[in-house]
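Working notes, structure below.
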């Protein structure tokens, strides 16, 4: 950069802008009327914005340089009014590529006497002038070299550099901090810190790492931007270059003038040059004969030849102005700027070369003299590079474009080179922007635990800045307590909000909570041992021994309630205190739309609250596996599970190799999750006991995660479910679900349109709700399903599987988003609908909540055993009884008891065995003393009242089962004159079954006898029901040889007729009206003198032909026709239904439909029911 003394008031500003590396704005300044330096006196930030659309960093660079240089123009009087720059409003942080270097700043040592510093500046100017006058005789070691990727130029040492070399890196006292405005600010001899801070790294002095600026917190904005522009290539083309051997041999080379360097290559496609000549090192460029020109440096002369005179002149027109525009001061590199240098052997080149590591790149030179002169073979950027050991004394540096293999003299030297290269590679990943911004808060300039200066690490969830040594012990606490990130390497996570959070909180405020009750004797000393450091950090953060105690917040509910109230306010310290005191960041807020504290903070617009809650969400170690389909076996298999570090952030579940990695190896968008399967039982794996859950995705992938503890398993499944289940279905999250997700379904009167619904499977109950707001939640009792079948439907050209569930007259159809999803729900629902153990509540039920096994046995015995003498006293075959019990236990819904297949004694023994061996007695064992004590009452009415109260206290299943059984026994004893089974005998048989005692006693028998005799009063049976039972008993006992006809297999059609197809008649006297109930008519036969003479006939043959024009719809939805009815001519002939477009047509539209397997409905409404 230009020195202050080199700028005159009448001098054009082009050279000044060039020194700032901003020559692109020279024309904009000229158009705005700023041509000379004196024109800039009235320039302010607002006027600068009117000049051109200049980025923030460039504006800061111009104004900061202008402030310093105006002092010289005004003769040091300080009369120039310096424009006051306002602190910029925070905006989303720019994310720069890894290859970009961060900005650099340094601390300037200031004394109390400004004149002393001014004297140093005067001495520095004199040194510079001496260097300029003795250009050829200057000492190489006194010159400063900057390896600039954008400009690659040799620069003179500036005032800021000289001051930086002399600074003591000590924090100034408040009395020495100068204001950014006023005379004292103008009197500062060094460049404004803002100038350095806002400059791109390519423009900064060659310091290896930044240091904290010694300015007040108002002097540098933590949101200052970093900008840098890469100079475009000025000239490129093919030239002949004279061989360095001097034998007049020219070699074809691709030559480029780019970024202040003249480089040449073997071809125009190579990445790395054969030679590099900085323009600043060129003394002159002059023309020679035969279309040649030479480039002269202090070390050697390079001769190039063009094919044509005009081409040579083009090169001269470009090179000569570039050389003449350079400063007259000679530039030479400084070896102090290199981390390591020396002679090595490079594979592919003869002899040894001089290799030097400079920050984030390395230079290959022929000799150290070339290095000092700025000449090089090539410069290689180490971004995305790696280094490894090869052979015994060699090492290899691999870049994305080429590998360089070097050899040294000893193994020790090789290790030194490898270590130095690795440090340079790490430096390419560093970003000092975050570091400087976080350090803007003074309390963040020291470690929160050990007070070490310049900490470079942070715990992003605890909001503390820590040093490298303490960061290692924070990692041992685990990510559940402290999430450690680097402020230099992990720049991708440092959003503008996170930086602002650290600036707002700071170590001082954090320790006001964490060390509120820290006794002096427990404080960590300045240089603690690793054991002392580990113990202190554990007590401070894990055990929370010294934290501030919140008063009046003693329960979890109170903490959660206080957290919900705090997140909508800007006080982040209160939220931090609540969370670290035990408040749940995922607690329910009571608001269905904003169900978590994070959503409440988002609603209130509290960005910092959101950021803090975001980083205190769940993260931890999981076992991750993938379920894939085996195509050869058509089964699904779980791939081996591996340990992964997982985080749940912003609706994404990310997993990493370990917690140290910043880049995830995989990410799941939770909005793509269709189902979440939760396994609440522990599984044994090779790594130990885990609790698993599965994520089913739209892409038909299935991911399996395993948590090490049940608490972590529950927290993660709830958090994941909240991410993909909408607020409309929030009620499902409150259930202890085994399976939750979305399905297509239809029910009710709209059976033609699929709707999206959210389902949750809890034990044997299936909860569901529609995506529509006005729809109510529904629930299906799976153990009470009367039908559970899978059918195949056509949706357009695609076949889909549909699960049909019928429960208490309600029919629900569902099908999945994917095939795997449907298979999961089908198997889970089927399993939940099965019998689960021997408890009454775990049995498959009928619509009256009576176990199907009890209902089936009672119905069979009532139909076939009512007239059987000694029923329930005869024993069945133990083998057949055991087999029948097994069938009922597997799936009672499919067991059909038939007289030709099952014996009556086997069925009665099955019923008694089930009641005796169920896990809970029908009359409840805990009520046994009460049942027996009721016998003390002599009055039967009083006993009945007590029995009634005991029955009401029974569980619902026990009460309904007892009612069905007593009704059956009541009917049996009403026919005791035929079957010889009196109430006393029935009580003797069933007392041990109902009480589950080893043998019956007189007291138990009396209780059961009372229950049977008083069944009508105990269960409030009305007279109509009693007459119906008597009627059925009379029919069964008088009509013994009648067999009822049933149609077991039927096919449903989606069209309806308004006239009957099958005519049923009684005694061939009249057709049976379609509204008449067949069973009632059959029961009326008992009033006939000879009931067996009556019979029911189904007409099997239809010998008539009927045709009529009717409205028709086949139920499928077509694009053009929709769901409209169409006119068709229907013909009924030979048990077939034929459809024609018109009466004149001879070819029917659809295949003939056979009525043998058809079920016809009188209307669409009847079909829906």
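Keep in mind that glycine also has a Cβ here, set from the backbone N, Cα and C atoms.
Listed in TrEMBL:
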DOMAIN    8-72  domain 'SAM'
REGION    78-143  region 'Disordered'
COMPBIAS  113-135  compositional bias 'Low complexity'
DOMAIN    232-324  domain 'PH'
DOMAIN    337-426  domain 'PH'
DOMAIN    423-557  domain 'Arf-GAP'
DOMAIN    620-725  domain 'PH'
DOMAIN    736-834  domain 'PH'
DOMAIN    829-1019  domain 'Rho-GAP'
The domain 'PH' (232-324) - residue tally per DSSP class, helix then strand then coil: 19 helix, 43 strand, 31 coil
Structural state census, the domain 'PH' (736-834) (DSSP three-state): 18 helix, 52 strand, 29 coil
Residues of the domain 'SAM' (8-72) by DSSP state, where helix covers H, G and I: 45 helix, 2 strand, 18 coil
Helix, strand and coil residues within the domain 'Arf-GAP' (423-557) as assigned by DSSP: 68 helix, 11 strand, 56 coil
